[in-house]
Amino acid sequence: MLGFLSARQAGLEDPLYLRRAESTRRVLGLELNKDRDVERIHGSGVNTLDIEPVEGRYMLSGGSDGVIVLYDLENSSRQPYYTCKALCSIGRDHPDVHKYSVETVQWYPHDTGMFTSSSFDKTLKVWDTNTLQTADIYNFEETIYSHHMSPIATKHSLVAVGTRGPKVQLCDLKSGACSHILQGHRQEILAVSWSPRYDYILATASADSRVKLWDVRRASGCLITLDQHNGKKSQAAESANTAHNGKVNGLCFTSDGLHLLTVGTDNRMRLWNSSNGENTLVNYGKVYNDSRKGLKFTVSCGCSSEFVFIPYGSTIAVYTVYSGEQITMLKGHYKSVDCCVFQSNFQELYSGGRDCNILAWVPSLCEPVPDDDETTTKSHLNPAFEDAWSSSDEEG
């Protein structure tokens, strides 16, 4: 640590180098927090979580019972043991509550005064956070599996919606209407995600085994259909132009938007170059996935080596994004995990499962290591993290 600080002070290292190394160390030390509880409100499984990007303080959860809960993650009591309290909830007695399972909740990216939710009741609802009243309701003909607003767009306010039908629908929050439809998939749309790098680029995943990238400004729409074989198999082959050999039910861009992660019911996770659609062929091994609907997984942000956190049965598997190495399995839920979300300000992870619980995973405190035993020091370091802590003094 002193080596980092002195190198930064002398201008030998990038000022962000220490921050990335410390963020990496904290992610590698994630463990179930025994001192922090998240108040249990949901009476059935937790399907979706979202932390607002403005302060990183407030979290939304949506459940199979149609209930939406808003939590304050800040420890206002300043006590070592505390409970993240539910500030308010949209319960079964609320006049605008969703009738069926809530599949996605998302904060408006630029302001905590608004959030959105979508449900199996075929509605997408826009909520006023302060009054907990609906500001707008979009009705669809099909069950909704997923929706997403661009985290960076300033020139449009489109919400992409994936339903049981094969068409991707774009709703405009400004006009209050569905502005246009993207056609190209053959079966239901299980996941949608806007690029965090480009305002108009959208990724969609379908039960037809395909993942498509779209530029929503183009009349034709589709830019690329991802091909797991990178075009090396005959177009006549059954798996030509497919991203997986089963349903594709999860999508997540890396924080810089340069790569896209996908998961499918073929128990595989793949990493794609989002600019040319190339399969990078990173091998993550078997990634267990029996979800019949969308799977909500997440990636780290601000680390020297980025990580992906993905529900894996009743655990959460942690992989390094670019090498495919499995770092650890986070165990704490009693039933299947359906969603997880990363809080990048403090390198914390929150997960929701069918056991009705929301668990907080936080970096473990460093235990002192004897200075005179270098071998002990090295044995405590995770292989994915060793190089990041070499100081400029040692290199000489």
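For all residues, glycine too, the Cβ spot is worked out from N, Cα and C.
Here the structure is a predicted model, which means the values were calculated and not measured.
According to TrEMBL, the region 'Disordered' annotation covers 372-396.
Here the repeat 'WD' (39-81) has, by DSSP, the following mix of helix, strand and coil residues: 0 helix, 17 strand, 26 coil. Taken from TrEMBL, the feature repeat 'WD' covers 39-81 (among others).
Annotated repeat 'WD' per TrEMBL: 95-137 (among others), in sequence order. Beyond the repeat 'WD' (95-137), the same-chain residues lying 6 or more positions past its ends with a Cβ under 8 Å from any Cβ of the stretch are 47-55, 58, 60-68, 70, 88, 143-152, 159, 161, 163, 171, 173, 176, 293-294, 296.
The feature repeat 'WD' is assigned by TrEMBL to 182-217 (among others). Same-chain residues lying 6+ beyond the ends of the repeat 'WD' (182-217) with a Cβ under 8 Å from its Cβ atoms: 142, 145-156, 158, 160-170, 223-226, 239, 241-253, 255-258, 260, 262, 264, 272, 274, 277, 293-295.
DSSP places the residues of the repeat 'WD' (241-282) in helix, strand and coil in these numbers: 0 helix, 19 strand, 23 coil. TrEMBL lists 241-282 (among others) with the feature repeat 'WD'.
With a threshold of 8 Å between CB atoms, the same-chain residues lying at least 6 positions outside the repeat 'WD' (330-361) that come near it are 23, 26-27, 30-33, 36-38, 40, 42-51, 56, 59, 61, 63-64, 71, 73, 84, 255, 291, 295-302, 309-318. Positions annotated as repeat 'WD' by TrEMBL: 330-361 (among others).
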**Request:** Sort the residues of the repeat 'WD' (330-361) into helix, strand and coil with DSSP and give the three counts.
**Result:** 0 helix, 19 strand, 13 coil
